[in-house]
């Protein structure tokens, strides 16, 4: 049993590495600003028309519900293949247009291909998150932080590679978005699977925690490496090539964890087979039926599940807590999507000719927000039973400050705003993933996740397509050949103010959710403390 455990344990960690690689190429939806200006000039679009293209891209996420349903009946490998093929077609068509290999397509056709590109990531994300959350059910916060952290770095990885090797050429950038994710996803199909290994004994939980620290350390080094490249200005050809090679080495470094897991001494049989004495929610009602009468069983079947238990989708959407979570998520990610979709025009309006630095800053600091929020929220649950939604509330405060800074349009305010919005956007995505599973269970998690992700296209439509598009065009002047442009602080000032007020609304909702769910987190806290005590007792018994 020992060798088999070692092999299955290493396979689980190898699957996580494959998931990390997939997430590292899943941020292509956030790279629209890298090539949006090329699309605007090539197709002679107004800002409203351009923003509606970005909305079409984000609407693709609405069809992620299909991926959610499919995750219950299709293996992980099939989900990855569907996503890779769809992305290849969606971004490949955009590359053909921007590289002028074909004439510009009609506007509605471009919307379709952007929608396909946006939808491709929902298949990848669903495959990765559902599989890894089930493989590591006792470490949902760290898993979410690591995976979402690499999504945050994805934009910077694509942007910096293209800057280093191809001088930020938009057509080459789109070619990379089309081809690289397809290759990575097809590779991941061989390694990423659900692996039912025992994870309930204290020794394994300590080992998992140690490995997660290693993954976090590698990710932080990667983020600092990308940040150093961004802030050191222009680089020569040799340094750029060296940077690209170093980046690939850092992306391959997580393989050291499954390799170590495979060659290290396996745990003893007694450790493997020791049953867990405490569930995640210690006082969750049992489903024992041996002592129940028929009347009692009918009553239990009709009884709605409590918050913290598995919910069906219908049961979930009938709860007040779900809608509080849904709307608060919209306030954060909807406004964040507006900034990321319009960063190209925001930079130009404030006098910056090259906005790639702001795109990378948003991505890299988004990573730090994702990693830090996953670790910190998990620690405070273990230590004090702090409700995880409180960290979403804190992010709303910082995000509102970022929008006010950008509205003032002072020297350097776009740098400050990019960093703060990136951090808070990362926090929201990372915290909401485990919160949803902790409140509504893992049984239908694939579909639940994609219902929450509906906020991305909805937020993009409300804040980017409508708010930013209309207000920008109201300030813009027409240019020869079609389209328009706007220069000055007034272009987005009112947009930033409205989004700051939206964050205040989100703050109130997050605090409300934290208050309403505090008992759930008290139970999780008690469960984790009990496991820690059990681990200490086991260690003492060995000596």
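Easy rule for this one: first residue shown is 1, then count along the chain.
Glycine too: its Cβ is placed from the backbone N, Cα and C atoms.
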TrEMBL annotation of transmembrane segment - which of the ranges 79-100, 145-166, 277-298 it falls on:
145-166
Per TrEMBL, the range holding transmembrane segment, considering 59-77, 192-210, 211-229:
211-229
With TrEMBL as the source, identify the stretch among 105-133, 395-423 annotated transmembrane segment.
105-133
So if I exclude everything within five residues of the ends of the transmembrane segment (145-166), which remaining residues of that chain have a CB under 8 angstroms from its CBs? That is, six or more out.
16, 19-20, 23-28, 30-31, 34, 125, 128-129, 132, 172-173, 176-177, 212, 215-216, 219, 222-223, 226, 229-230, 235, 240-241, 243-244, 247, 251, 356, 359-360, 362-364, 366-367, 369-375, 378, 422, 426, 429-430, 433
Kindly say whether the transmembrane segment (322-343) and the transmembrane segment (211-229) touch, using the definition of 3 or more Cβ pairs under 8 Å where each pair is 6 or more positions apart.
no
Range from 211-229, 241-263, 349-368, 447-472, 492-515 with most C-beta pairs under 8 A to the transmembrane segment (13-33):
241-263
